[in-house]
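Trainee: Please read through the structure below; I'll follow up with questions.
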Amino acid sequence: MNRNLTYCQKYRLLLWKDIKLQLTNWVELVMIIFLSALMPIFFSIGTKVAKSIFPPDIEMEKSPGPKSVNTSLFVDLYFTPNNGILEQLITQLANISEFKSVEVFDTNSELYLQLMINRNAIGIAFPSEWYDIKSCPEVLNLTIFMPLSIKRKDFKYFESGFLLLQERISKIFIFFKNAGNGKIPRVLMNHFPYPSYVPNHYAESAKAMTYMTLISFFLPCITIAKYVVAEKERHQKAVLTAMGFSNSIHWLAWYTKSMLLLLLCLLIMISIFSIGLIYEFSSLVCLMTIFLVYIHSLVLFAFFISSFFSRSLSAVVATILMYFSTALPFLIVGAENSSVAAQTAASIGLNSALFYILDSVAVMEMQSVGAQWYTIDNTASSGYKLSIVGYMLIMISISWIELLICLYIEAVRTGEFEVPQPWSYPFQRRYWCPLRYGSSVFHQGALLPLAGKNSEGNLPAAHPTRQPIIYLDDRTQENFQRVNISKKIGIEVRSLSKTFGFRNVVKDLFFNVYENEITALVGHKGSGKTTIIMMLCGILQPTTGTVLINGYDIVTEAKVAKSSLGICPQHSVIFKGMSARDHIYFFSRVKGYNKTEAMMESNIYISKLGLVDSQKWDAMRLSPGNQRRLSLACALCAGSKVILCDEPSSGLDPIGRHELMRFLQKEKHGRTILMTTQQLEEGEILADRIAIMNDGQILCYGTLGYLKQLPFTSYTLSCQMAPNSKADNLTDLVRLYMTTTTSPVFHGVDVSYKLPRSQIDRFPEFFQQLEENKKSLNVVSFGVSDSTLDGIYLSLDYGQGSSRLRGGADPGVNDKVEFGVQTDKAIRTKDRANNSLVRYQHQVDPPNETILNTKTPINPIEIWRPIDREKGSCMAQWQAMFIKKKNYTASRALIFILILIIPLFYYIIVLGTAASEKCAHRTDKQPVLPLSLDYYSYDDMIILLEVDKQLYKSEGEAYVQLVKEPATVESVDSIFSHLLKAPPIIRRDIKRKYVCGASFNNASTITAWFNSDAFEHSAPIALNLVYNALGKAVFEDQDFSILVNRGDLHDFIWLNNASSMRRRYKRQNDPDYTDYSDYEIQEYDVVVKPNSSSTSGQHNKSNPGDDNIITVQMSIIEAASTLYNEKGKRKQLFGTLIIITAYIALCLSIFSIFVTKERVEHFKMQQEIYGVTLFYFWSTHFVGDFLIYAIYMGALTIAIYHFTIWYQVVVMLLLIGFACLPFVYLCSLLFSLPNIAFAGIFAILVMTGGMLFSFMYMLTLITDVNFTTVFAILPMYVGTFGLFKCLAWREYCNREVLPPIEELDCKFGNCNVFCACKPERTWMEVWLLMVHCLVWFIFLWFSNFGYEIGYRFKPKLSNRIWHNNEKHIRVLDEERRVGLIPKYEHEDYPIIVDQVTKNYCRAKNAVQLVSFAIRPGDTFGLLGAQGAGKTSIFQMIAGETSMSHGNIYVRGHSLREHRNAAKMEVGFCPQGDNAPKYLTGRQLLRIHCLLHGVPKDHIKAVSEQMAIEFNFKDQLDRPIHTYSGGKKRKLNIALAIDSGSVLCLDDTNGSVDHATQRFIWRKLEAVKRSGRPVLLTTQSMEEANAVCSRVAFLVAGEMMFIGSLQQVRSEVSNTIVIRLRVNPSDGKLKRRFQQLIADMAELFPLATLHEALETCLIYHININVTTLANLFYQMEKIRNEGLLEDYSITQVSLDEIYRILNDEEDPNLVDLDSTHNSEVLEDIRDTTRDTTRGTTRDTNLVSDEGIQKEKVKRKKVEEEDRDRQESTETSKPKVKRSPATQSDSTDTDEMEVEKGEKLKKKTSTFFQD
């Protein structure tokens, strides 16, 4: 069987997986289908209803007959210049036109002035240089000025008489030039005919469908991005990549699945379109092609967005914003009056290009043509500068560019487990020529060729020619256990190293992993474990050395090596939507199994996992333990021989962890398993061999027994001392037996010692003496714990003198050098230049295990003296807050700049469009308009020509010569028939391309055809072409020409607002078949006298007394309906409002991110603790945000300057920000994630802005109820009304005809546009916005001071119950002690928590009646599982959340009554690293000093001193986000220690290395010695043991126990855990198991077998039934007999204590199927049955004794310690021997007795002294 899949097989597998994931999420799929069909169905139904109500009418054909131009008479005629020849021409004209008077002027200015005086006169202007001509010119050039009494809106070429003058002057000129010879035919004018048609009045649905398409496709777009990012986020793509799936396969599978999903949506839409109600005339195939291009581009667009994000939630939010943002360029540029460049630039936006395409289709639908193959390559109208094909090409081009950017971004910004490329990799030759510039050889010898397949067709398990090597590093050979060379090697690591930049992450490793064994790499975060796993997987290439998997090199023979590889990453590789069976089936197929084999494999593992009942469930619904086991099964399935597990038990509870270990033990046979872990317990129970790592090196390697025999390992003895007693005698006793012990460590009444493991043979006698003399030594109880990972790890680290770069779990940014740049010469040079910043050393704590020794003097540097608490001055607080605000803004400068350039970009587009139009049509702005084909510069103009060559051959040729490019002449037999019988495509072009024509087919008359419906000046141009052709035919002179121009003196009279000017100087763009009126004077035009001027953009108010103003008033009813009647302006106004309010919403919602981040990361609370009042906090936010907002609004004002009065809109925009900013701050309190807050508030502001305004306006049209006043509570809605008035002012308030403004009822909510004409001070919106600001700030104040208000209605104390039998006696004692503290003594206790209860809405009683008091110098620890209530108590102490009941006192200040004073006493360090990442360490310390009143001159010195004390001086000027985890933790704790007299630390050791932990512990001890109390939470028993003098255990919010740690161990659980590892050598595992179980049953009949694994047995035994002396004695005996490889005796873990306090049943963790030897299993079963009854009896006995003890304690509280000592006294231990081994150990017994006698003599002498 070939286990290596082909490319096609891998592609099909990934496609199956992607489709499976999509189909299983059926809710999402149904929503996608529903939304895709919603809008088409909606508009189809609407169109159907409209057609049934309003049936279409048939428009009859239009075929007007020819008509003469003799239509008007004139009174007065003026002309210029004064010349005899011109006077003859004008005289003849006057004679035939019956002018009453003719007057000549010398200059044009005189002519213009006289025409303005006599508004009924007509003027003709010849060129001024003709004043001295002597003969008739070859070219006639004249300009006709029509009377000013004819208004522009009433001007028509026929009715005005313009064509009459043009014809007569042309005739006179030809006749005059021809000396009166010849006869000119009569010329008639005729309009182009138009055939009958059915107008498509319902094409508006296609127009609306253009915009509603966004709704159909936005959910699939989001889904695509979400799935792509989710696989990266969950490391699923990285795992599959490591298993040989290339990047191209992933993208191809994603692309195919996405296209199939969108094709489904598209087919649904096309099937609805096929009904023909929306796109009636369009070809479905064309529409399908258009949408195919779109969905292809949409998929690549989603890929492009996904490449920038590693979190699916952020990707979804960004995709939504970008998806809708791509439609904005179309809304800004539009299709009207925009240039080719502007539309091309706008089409870069995906949805803008779609809008242009669908809008073009809608226009074609209105033309009854639709999108056809022969129309999509043509423009729909003059407004659309590109064809549909052109827009599609832009869309495709941009999509491929997006794909290239996506692949580039993914290559340089890979995930955590992938290899990034350098940013310049596309420009490197090695990328394009990998064979020429290949990687160096990583190993020393030459690689041997691949082995062939065996007889079964499978690859061999190991390379047949390579011999494994056993290599030990001579420098560390003493810590490496030698291995039998006969063992089969599965993984061979040879001289493996990995360097990132200058940092050596893995250093020259040599080790082997053997078959049938589990090898554990143990080390803390940052030690190099994951890097090794990545190199073993082939994800990372080693810098030097190599890795052999079953004999094959993972780098050069990756395909073969990976064929037997299974990977279980740190995070479960679970696909949401796939079942457990699907997972195993999929990964089995991935590893080469066929379908049948994969199904069988899935059945096998489903049975092994015990998931038969839930095998079809979504795997995400399984418990975390089952998910982790499923992930491991995916690595194990399909016969994988080499398994790599990266922390397989991470995130599991103890039960889940043990289940996983048992499962892994079962599967290890025939496999080579390498796992990484931070849990020593896993390595101790599960691993056959353990390698402890640090700083990329293996410090020791061997079996557990070998490691525990290293000289630095030890047990820890913990003793609880009687009150007011000393431990000197106890210390002397310990030193008597343990010659190399360390000094004692004290924590309250507890004292601990290190007992060297090398002297374990003395433990029995020592513990016997300790038990016999407890009373005289003042020892109440004691216990022992075995070596921990931390002890071995740190001891090895110090022994090796490691120079590891310490400081945290995760390296900083500068430490995380990109994986792909380690060979880049330029980057290396840059790194060397910044060597001091990249390579820094952390201070290493001395190897002193007795860091808390009371007898050891503290170094002065350890005693940290905090700054005296002083409240900073007002200016200091403002300065501190603005430092924070300034640096945050600078860190997000790119985002703020992008928001800023949006309106500027729009303004540039507007300017560019206006400039291009001005350039292209500058001739129209002159007072003279040339009437020729040159005026229309289209490249598709058609001139029709009908010629009878027998009559007019020369005239026809001359006509063709007159038509120059780009226009073309089309000869037809009959113009009338050609147009009247035109097919749809030609009929469509009649209104677009056909300008004019001529018919030369009658001897007496010539017809000039014109098309004024589409081309305004078509009639004079057609007439001019005919007379020019006639003249050229008569004179046969190429120079003959008649140039006719139209003069317009209105430009000297009417000063028009340039931004509102509308000229029809081109063909019309309206597809409706109606005649067009010419340019009309608008109501807002201002009349001025001649030679007067007006400043553009100036706000002029009319003077009622001006004679030039004709005052006509509009009725109030007509004014109210003005906006509704002007449909075009209404659409423009509402669209502008929506865009502007959306931009304002974006500007405002961006400010919610910072305040939300400060709140959820607890930095706001810390600032309050520092002394920042809420006034300074919110006022600095408001001032800073308002300044930024003002800059945004300045840019927005520039963008809309031409549409508004600038000062009006500036004031309104600033008022909107003034009112909305506190509203945004208040809304941010509803969200717990900054990104969600931004998206949510943006949606709120957008929906309550222009969208709600438009909706409410339409609602008022159909109902009489006015709901607008209800929404006056929304500031954005009020601001939108104000913007509505600002936009309406310039459009409506400058009109000539206005309603009586004073009489208008302009209350809030009235959408009458003329309400904007009232004075601004009367606008209700101005005052409402000011009120809004005040109201929302009041609500914001209430949200912060609600605690004080709520405390007045909540009881201070709960009912005290001091005799509750359900509570432990010590808890009751503490409650009694707290309750009896008089009020005047409250100041003596740093913290008093008195009967505190906290209730949440969803979690009732999160904290239940908790009471404790901390004395000065105490370190009090709150222990409990996650969710026990620890953090809630901390938040109540810090004042971040309120108390439901009870009270808390901090230094005597009640949190109920003096919250601020109490908070000032607290130094708080939250659970996470909440230091602002955008600040440097120095900036944060400067803020800290300013808030604490440090003089400015001392701030630098104090900051540097704090940095030195806490060991981050070298990083003081670096951004905090570059700090390692340990450095961040040190910085946070430094701030907390320096902040208050009471130190509260919430989980201080999370995600830091152990060197940093011990550094923190030393600092806490120094704080404790200074007399300051420390309150901390932890889940680490080691931390509690090292730091805490007292601890309290919380379970479900209730305190279950309080006391010292040893009191907890001795009183809560008297259980001792014994771990036995059977010696597996010599193949005698079966016999040793039998003998060991028999011995344990005989020696300890009451011991409970808690867990049984391959070579490990775990027993639990109650300390009351035996003694530690007996345990150690018997275990040493058994080990000396050779049955045990190693054993461990220790007290119960913290998890076990939690279980007991939670009153949970002890889970039966005995795995009777965990070994392959069935006979051994039977022995275990029999032994388990025999010991069950005894164990039960023992448990009941212990329970009865416990009850009796509690009764005695309640009666005699004052003698509690004495009674406990008497009740726990035990007899001298009786040493038992196993009969089976008694004879074999006689010599050993004699030696032990002799050694014991010597110790007894020393002990008796010791006690006599």
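In case you wondered, yes, glycine gets a Cβ from its N, Cα and C as well.
Per TrEMBL, the features are:
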- 21-43: transmembrane segment (TRANSMEM)
- 260-279: transmembrane segment (TRANSMEM)
- 286-309: transmembrane segment (TRANSMEM)
- 315-333: transmembrane segment (TRANSMEM)
- 388-409: transmembrane segment (TRANSMEM)
- 491-720: domain 'ABC transporter' (DOMAIN)
- 893-915: transmembrane segment (TRANSMEM)
- 1133-1155: transmembrane segment (TRANSMEM)
- 1175-1199: transmembrane segment (TRANSMEM)
- 1205-1231: transmembrane segment (TRANSMEM)
- 1238-1259: transmembrane segment (TRANSMEM)
- 1265-1284: transmembrane segment (TRANSMEM)
- 1326-1347: transmembrane segment (TRANSMEM)
- 1391-1621: domain 'ABC transporter' (DOMAIN)
- 1721-1809: region 'Disordered' (REGION)
- 1722-1736: compositional bias 'Basic and acidic residues' (COMPBIAS)
- 1746-1772: compositional bias 'Basic and acidic residues' (COMPBIAS)
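Help me see these features in their spatial surroundings.
Mentor: Residues 205, 208-209, 212-213, 215-220, 223, 227, 257, 261, 264-266, 268-269, 272-273, 277-278, 575-578, 618 of the same chain lie 6+ residues outside the transmembrane segment (21-43) yet bring a C-beta within less than 8 angstroms of a C-beta in it.
Residues 217, 220-222, 224-225, 228-229, 251, 254-255, 258-259, 262-263, 265-266, 269-270, 273, 279, 315, 318-319, 322-323, 326, 350, 353-354, 357-358, 361, 371-373, 376, 388, 392, 395-396, 398-400, 402-403, 405-407, 409-410, 413 of the same chain lie 6+ residues outside the transmembrane segment (286-309) yet bring a C-beta within less than 8 angstroms of a C-beta in it.
Listed by sequence, the residues of this chain that lie at least six past the ends of the transmembrane segment (315-333) yet keep a Cβ under 8 A from its Cβ atoms are 211, 214, 218, 221-222, 225-226, 228-229, 301-302, 305-306, 308-309, 342-343, 345-352, 355-356, 906, 909-910, 913, 1135, 1139, 1235-1236, 1238-1239, 1242.
If one looks beyond the transmembrane segment (1175-1199) by at least 6 residues along the same chain, the residues whose Cβ comes under 8 Å of a Cβ in the stretch are 874, 877-878, 881-882, 885-886, 889, 896, 899-904, 906-907, 910, 1140, 1143-1144, 1147-1148, 1151, 1154-1155, 1164, 1167-1168, 1206, 1209-1210, 1213-1214, 1217-1218, 1221-1222, 1225, 1337, 1340.
Only residues 6 or more beyond the boundaries of the transmembrane segment (1205-1231), in the same chain, are considered here, and those with a CB under 8 A from a CB of the stretch are 1097, 1099, 1144, 1147-1149, 1151-1152, 1155-1156, 1159, 1178, 1181-1182, 1185-1186, 1189-1190, 1193-1194, 1196-1197, 1237, 1240-1241, 1244-1245, 1275-1276, 1278-1279, 1282-1283, 1285-1286, 1289-1290, 1320, 1325-1326, 1329-1330, 1332-1333, 1336-1337, 1339-1340, 1343.
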Trainee: If you count every Cβ pair below 8 Å, which range out of 260-279, 388-409, 1133-1155, 1326-1347 shares the most with the transmembrane segment (1238-1259)?
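Mentor: Comparing 260-279, 388-409, 1133-1155, 1326-1347: 1133-1155 has the most Cβ pairs near the transmembrane segment (1238-1259).
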Trainee: Below 8 angstroms Cβ to Cβ, which residues of this chain, lying six or more residues outside the transmembrane segment (1326-1347), approach it?
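Mentor: Residues 1174, 1178, 1211-1212, 1215-1216, 1218-1223, 1225-1226, 1229, 1272, 1275, 1278-1279, 1282, 1308, 1320, 1439, 1442, 1459 contact the transmembrane segment (1326-1347) from elsewhere in the chain.
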Trainee: Go through the chain and flag residues at least 6 beyond the ends of the transmembrane segment (260-279) whose CB is under 8 A from any CB in it; none is fine as an answer.
Mentor: 19, 22, 32-33, 36-37, 40-41, 43-44, 47-48, 51, 202, 205-206, 209, 216-217, 220, 223-224, 287-288, 291-292, 295, 298-299, 361, 365, 370-371
Trainee: Given the model, what does the mean pLDDT over the domain 'ABC transporter' (491-720) come out as?
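Mentor: The answer is 83, the mean pLDDT of the model over that range.
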Trainee: Restricting to the same chain and to residues at least six past its boundaries, which positions have a Cβ under 8 Å from a Cβ of the transmembrane segment (1133-1155)?
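Mentor: Sequence-distant neighbours of the transmembrane segment (1133-1155): 328, 331-332, 888, 895-896, 899, 902-903, 1123, 1164, 1181, 1185, 1188-1189, 1192-1193, 1196, 1200, 1203, 1213, 1216-1217, 1220-1221, 1224-1225, 1227-1228, 1231, 1234-1235, 1237-1239, 1241-1242, 1245-1246, 1249-1251, 1253-1254, 1257, 1276, 1279-1280, 1283-1284, 1287-1288, 1291.
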